[in-house]
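Feature list (source: TrEMBL):
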DOMAIN    C:2-73  domain 'Glycine transporter'
DOMAIN    C:88-159  domain 'Glycine transporter'
TRANSMEM  C:21-40  transmembrane segment
TRANSMEM  C:52-72  transmembrane segment
TRANSMEM  C:84-105  transmembrane segment
TRANSMEM  C:111-133  transmembrane segment
TRANSMEM  C:145-161  transmembrane segment
TRANSMEM  C:167-190  transmembrane segment
Amino acid sequence: MNIIGLISFAVVGSFKALREGLDLFGITVLGIMTALGGGITRDLLVNHIPNALKSFTDFSFALFGVWLAVVFYRIFKRDISNRFFILIPDAIGLSAFTTTGALIAHDAGVSFFGIVILATLTGIGGGMISDILLGKIPNVLKDDFYASCAIIGAVGFYVTVSSGFGINTASVVCASLVLMIRIMAILYNWKLPRFS
Amino acid sequence: MNIIGLISFAVVGSFKALREGLDLFGITVLGIMTALGGGITRDLLVNHIPNALKSFTDFSFALFGVWLAVVFYRIFKRDISNRFFILIPDAIGLSAFTTTGALIAHDAGVSFFGIVILATLTGIGGGMISDILLGKIPNVLKDDFYASCAIIGAVGFYVTVSSGFGINTASVVCASLVLMIRIMAILYNWKLPRFS
Amino acid sequence: MNIIGLISFAVVGSFKALREGLDLFGITVLGIMTALGGGITRDLLVNHIPNALKSFTDFSFALFGVWLAVVFYRIFKRDISNRFFILIPDAIGLSAFTTTGALIAHDAGVSFFGIVILATLTGIGGGMISDILLGKIPNVLKDDFYASCAIIGAVGFYVTVSSGFGINTASVVCASLVLMIRIMAILYNWKLPRFS
């Protein structure tokens, strides 16, 4: 699930860069940061050297996603980042990343809010960073029902652990909640309220 | 003073998000980051796990500020973030945050410049992050006499400590300087020079 | 070389701020962040308290660069950040910063990709941060042959170390590669491919 997430996040990020006309370095940075940025930020916050800098594989999967996006774009000249066959692996990635974030936050001994923030940030941080790099308001802040899925999953993780279950059970609860709610949000086009 | 700061910073940040038409998640993120972002960045720089992730109370006060702003906005349909009764608690927050930053920087054993940077960043970092999230040039960089109050307070802290006084005295000097100068800057509409 | 880099990066950053009409605080922040931001981000990622906060000299050189830019701008009313006599010291800075980044990354025991990221980030991070603070897409992501020089230098560093040479040799290889390639990129106006 993590690998699917890395690749699909990198594909989505690379397409963002392609849409904006960035050069090859920009496309690579956007793709990689979308895939790895959430985890890197989370590792910084819990005072670890980011795993993405130590592991060879995470980075390779992200680069593979960048390559996939560029090749696809050159052949078909078409942006597919909003299509169903990207949204589903993206939802799997959100689910995997949120769960990893909740586990690492739990190990770091942070508060309830700390777990929710770190889990959500692991899931959505990469996309936010790539939007900021493009000088845009991060899309998760204004639209869609995306971060909310991660928040609900993280709360589920916390409640399960607090109820005396092990972290394996809590991880399954978190991952399932995020994935199911995200897929429902896609199918039914859920939105959060705005006030203006 | 710290609690007043957390709440008023969160109110100001939430109003920024409301003005931009962000959704409920965006409003919450902007409010919380304005209140906690400066302290989180400072903790990262001195290699601590951010206190905001470990403490339950800071986050709760920030959420309360978000709630206040949303309720106020729904009832009165009016942005009050530039009114006097927000500017004063905001100045109290700037003063409290700058002082906390100076104390933590002093403990971390950084240089004179390090103390000034970390103290100022604790005071203004949250507002800068929320402006960046909205794709804007942080307001403190182009306008107003806001960061300068924090810098003067931090210099006051350093001079007091270097003169052989204790850190309690230095904290009082720092907090009073920031608060007094900020209030004078509001009353007399002070600005820094521009060159263009 | 490092000192030349700090001063010329600060000059370039201050001119960016002057062009946008920021006030004195904004100009100072942009200049300092352009000079020190890459190193600070790298230190965060390898879990050190940033050297720029502990050292007095780095900060002083950056401030000197800010002062130079402001004085020059006031006297000549002209932006010189794209002229040859700025581009060359800027290239020297890129070379010095990339090499420092590669050395620190090597000490931190990160992977091949980790070395390339940290070395490149040390070289280009400050400029990226200052572009983000101005609400712009970082220039290195869309234009020019700038980050690529740092990447090639970092790869040279890794290959030299992996071939059994010492880190001193590797540093010389890295610094020379970055400087030579960057100067050729300036002279021949190299660009990376775009796909749109």
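Cβ atoms are placed via backbone N, Cα and C, with glycine included.
TrEMBL labels come from automatic prediction, so no person has curated them.
Long-range neighbours of the transmembrane segment (C:84-105) within the same chain, counting only residues 6 or more positions beyond its ends whose Cβ lies under 8 Å from a Cβ of the stretch, are 1-2, 4-9, 11-12, 38-39, 42-43, 46, 114-115, 117-124, 126, 146, 149-150, 153-154, 157-158, 167, 170-171, 174-176, 178-179, 182-183, 186. Across the domain 'Glycine transporter' (C:2-73), DSSP assigns 61 helix, 1 strand, 10 coil. DSSP labels the residues of the domain 'Glycine transporter' (C:88-159) in these numbers: 59 helix, 0 strand, 13 coil. This prediction places the mean pLDDT of the domain 'Glycine transporter' (C:88-159) at 93.
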